[in-house]
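Everything below concerns the one structure shown next.
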Amino acid sequence: MPVGSEMHRWATELFPICRSITGNGVRETLKQIGKRISLTVHEVPSGTQVFDWKVPLEWNIRDAYIKNARGERVVDFQKSNLHVVSYSQPVKQRMALAELKEHLHSLPDRPDWIPYRTSYYKESWGFCLSHNQLLSLTDPEYDVCIDASMTEGNLTYGECFLPGESQDEVLISTHVCHPSLGNDNLSGIAVATFLAEWLQMRPRRYSYRFLFIPGTIGSITWLSRHQHEASRIKHGLVLTGVGDAGPITYKKSRQGDAEIDRVMAHLLKHGGAPYSVCDFIPYGYDERQYCSPGFNLAVGCLSRTPHSQYPEYHTSADNLDFMKPQALAESLWYCQSTVDILEQNLTYLNQNPHCEPQLGKRGLYRAVGGQAGEKSMEMALLWVLNLSDGRYSMLDIAERSQLPFEVIARAASALSSQALLVPQPSQES
Amino acid sequence: MPVGSEMHRWATELFPICRSITGNGVRETLKQIGKRISLTVHEVPSGTQVFDWKVPLEWNIRDAYIKNARGERVVDFQKSNLHVVSYSQPVKQRMALAELKEHLHSLPDRPDWIPYRTSYYKESWGFCLSHNQLLSLTDPEYDVCIDASMTEGNLTYGECFLPGESQDEVLISTHVCHPSLGNDNLSGIAVATFLAEWLQMRPRRYSYRFLFIPGTIGSITWLSRHQHEASRIKHGLVLTGVGDAGPITYKKSRQGDAEIDRVMAHLLKHGGAPYSVCDFIPYGYDERQYCSPGFNLAVGCLSRTPHSQYPEYHTSADNLDFMKPQALAESLWYCQSTVDILEQNLTYLNQNPHCEPQLGKRGLYRAVGGQAGEKSMEMALLWVLNLSDGRYSMLDIAERSQLPFEVIARAASALSSQALLVPQPSQES
Amino acid sequence: MPVGSEMHRWATELFPICRSITGNGVRETLKQIGKRISLTVHEVPSGTQVFDWKVPLEWNIRDAYIKNARGERVVDFQKSNLHVVSYSQPVKQRMALAELKEHLHSLPDRPDWIPYRTSYYKESWGFCLSHNQLLSLTDPEYDVCIDASMTEGNLTYGECFLPGESQDEVLISTHVCHPSLGNDNLSGIAVATFLAEWLQMRPRRYSYRFLFIPGTIGSITWLSRHQHEASRIKHGLVLTGVGDAGPITYKKSRQGDAEIDRVMAHLLKHGGAPYSVCDFIPYGYDERQYCSPGFNLAVGCLSRTPHSQYPEYHTSADNLDFMKPQALAESLWYCQSTVDILEQNLTYLNQNPHCEPQLGKRGLYRAVGGQAGEKSMEMALLWVLNLSDGRYSMLDIAERSQLPFEVIARAASALSSQALLVPQPSQES
């Protein structure tokens, strides 16, 4: 099965789980992830102080409905977990329609879609339903039930650490707190998981840390408990909304010219597909926390259509159909290519810096004429030799030569095999 | 009365005075200014060496005319002080028309306008008249009289110093040497005076120094006598030609990226009116002296239509009508806004730099939904928190966020009131 | 005779000589150059190690032909030295047409042109001929002769050193290894020679070194034997293809913002003719060696149409007609102007840095009104005074003021004559 289809199939399994920022939905999701990659699950007790925030109570829900006078469920949590405002207080009572309506959310402009709503930091309860459903509520009274609990418990998150030669780390972070929504964020969960699966089989110069966390409170919790480890993170990506059919979008880190920012810009420029690169703004996903001034990590955000720019966002229309196997595969490819560049982006020293070495006698120059890409390989050899004075990394050379990184890397490899190039010593920061 | 009309009315009073680079016209002008603001008048004796220059003789004029054979004044200083070339030597004689014509200046292209001419650094005399007047001179001889004196006296200038918390100064400089011309420079005199009047009522972080000086020789004189004080000038503006209907124009200081340059660029960009920003050139007004390499002060020049780009410049058509109340008011508004930004452009330190603080519990986040500007205020809060690491001033944050300074300043104020932000210590340079 | 015509006439004399990377053709060419300028001829023995390379055997050729059965020379080296692949091994034998054809090179797309081919670093032999000639070969057998020798001998190059006040050097390098081709590179040889002739009569701040060398191996040989002298080269130009009718092209040095790069960009911008400026790439002429990372000299390349962009390149159509007297003259003019700027590009110190000096009393300001260029001269005086604080060279001032260097230089000269300006001490690097 093509990898995109496999990711989509796996996301389909995770789709029904009712996730929130705490609770069993997250645990169940992490259990499924743990079947594919080596995952450690952490539990942080409610009430734990994490910087300016407190870990909230654990929320679990068993059932919820609105019943009419005939006892029929006119709104039913069993049919869609979007029907309950996430983190709703429990409720069980009969109430007049007018009173009930103050707790109902719908989208008049999209009368068939159920909106997704949360109320994490304010005590309340509510139901979400399609506007057509709302219009059909005409009985004078309804029985309302949210069978949920809000208790001292834990915040749960998963972590997969893949050690490399260096203690320097690459962070991949994705949120696991959304219920039955596809692009936001089963797409991110799938790409992160499959990336880790691919990476755990490979030799690694960097160490890699994958975080599967509830949005905002999860990254704050991790950072507050791992300030020392955080300083080892040299590059990072937040993955979210990477499954829709729109063009790939990279939002730069706060630093703006970090290596990860330049890697992504290079990859997208040479990737051949439509894309956009945006400057950092302090709004969005967990990059807000990683890029807070006390950390200022080189963490950008990879998505496809930005969340504010598609109507399906945070509605039942962000479903499994909205997420495309091919888009998932392409997003994974960009992540893998990012890893490839980060791993190979060394700075070399030309061992024959005075004039050009004679490439012909080493079989490197016009050895095989007529081959496609031959000309750019010859130019790559000359560029790598010319710029490998210790001040230019492979990526610097790719940028200045306007050649793809991969061609530059192959040239460096050919030159290294002839002892014309050696890596600059001690590139660990 | 709207402030623009009040400035225009006041300029009307100053209009008839015959100003030059020295003499009683300047003294009378300063006396009027002194009725509105606390002004010190300085007298510097003729012959005083000021750097490479010498303070010139004092010039005063009582009357001047050209009379025809019938004793009629065909050119009359009493009707317009533009009729006499400023700094003309005294003369009283009958002369043939041909000889007289060598001393007459007119504008053939604008036959109704009287040109404005000076001869400060070369001994000569002359009359300016409309070209139609010139053509009507047909008598063989005329009686010519310039009843002026050129004596050892003083160069006169006015200074208004408004002390602030800091010894660092903001300089506002405007020239007072032009006779009955409106835009050049009663507009500058009016805006500077009303700005000082507004400022003397307000708390001030900076000290402010207003100079009302004759062009070129005035700024050279002040600088030569205040080299030490000059070093305290951190920001400055030369005001001139700020009353015509054209778009506002800012000419950058020699430094090019000084704070004043960035403040003006920011204000004009967000001001909503047409404008232009020009690079420094070493030609123009007293910024030439303030930006000479031995001083290199951060002094730009604020005007409306640049002097070389309107035909009324240095003619009788630059009259009270050419100067618009609304333009004067807008120019004053830009000056006041400049002061507001300079005063508030501190660098703050986020007291909660690790991850975002929880704004919701402090009532700062979506406290009042639906309000206009609400969204940009939320973004401003996040930007200020994100960038207040000690390397970004309020203006830096406004520029990076592309939000108006004023929104950033309000966000900083809200965050400061919650103790989330404190000013960086010792920002005095 | 106009200088362009004189250069063209002289190139006509050099045209018939059969040059290669070694041998008597180079010696004869250098002998002719030596009649115009003071030239030292160096001989470097075959087999000498020069960095990663070895000086090759010396190649000389007396005659070569392909004869048909009737004894007629159907391809004759005496008619064009392009007919023999340069550096061909000797051969003398009768062979079948089919076998011979493996050694023949033609251009089917340009059936009247003879291509130019070399085989320096691979043992082989061959003939070049027009495609029409090739098609006319229909005999079953031909007598083939290349009467050439490949012996232990020397690599020959010429050097003209013109000492100046400073040991800092300007390098002019041009290749002398091409046979009867006009633009590539009799044009470069002619411009370099006439430039040296012009320079040897003039006072010089810099020392100048002209190299007339075989391409690649020549610059490698010189650099390997003069590493110390190479460090004195502060600016340099490779001259090649400077005679065709196309627009002038400057390829920047590897440094990209070296003084020579800025000088050329300034000259071309103000030159009034079409031009292009290209970034450095590590492919092209001997700048590849001068700009290798071990040297990284500030050496750019001046040409007209880049070699890859005209079909006549490396064919018999690059003949004397293809090279235009006027283009040669213009290229020489750019070289001379480059020298003029380099020689005059000092940094001055304004001796009256506090406010402007009074130019009027020194006769420098509006002394002669109405003169063409007067206005820009006044601006130039003000710019030079304003920026001569020790941080701006003449070229910096020309760039910032957007005035031609020559106007800035004249202003500096006028100010220096009034003691308002003195050169900054010790500008030798």
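From the backbone N, Cα and C atoms, a Cβ is placed for every residue, glycine too.
Whatever TrEMBL says is automated annotation, not expert-curated.
Predicted, not measured: the structure shown is a model, and the values here were computed from it.
Feature annotations, reproduced from TrEMBL:
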- B:His178, B:Asp184, B:His314: Zn(2+) binding site (BINDING)
- B:8-345: domain 'DUF4910' (DOMAIN)
- B:58-148: domain 'DUF2172' (DOMAIN)
- B:347-422: domain 'UCP01524 winged helix-turn-helix' (DOMAIN)
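Where TrEMBL records a feature, it is marked here on the structure.
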{"residue": "B:His178", "record": "Zn(2+) binding site", "DSSP class": "coil"}
{"residue": "B:Asp184", "record": "Zn(2+) binding site", "DSSP class": "helix"}
{"residue": "B:His314", "record": "Zn(2+) binding site", "DSSP class": "coil"}
Least Cβ-crowded entry, counting other Cβ within 10 Å, from the binding-site residues listed as B:His178, B:His314: B:His314
CB within-chain contacts under 8 A for B:Asp184 (Zn(2+) binding site), separation at least 6: B:His178, B:Thr240, B:Gly241, B:His307, B:Tyr313, B:His314, B:Asp318
CB-centroid shell, 8 A cutoff, Zn(2+) site B:His178, B:Asp184, B:His314, site residues removed: B:Tyr116, B:Leu181, B:Asn183, B:Asn185, B:His307, B:Tyr313, B:Asp318
Tally of residues which DSSP labels helix, strand or coil - the domain 'UCP01524 winged helix-turn-helix' (B:347-422): 38 helix, 11 strand, 27 coil
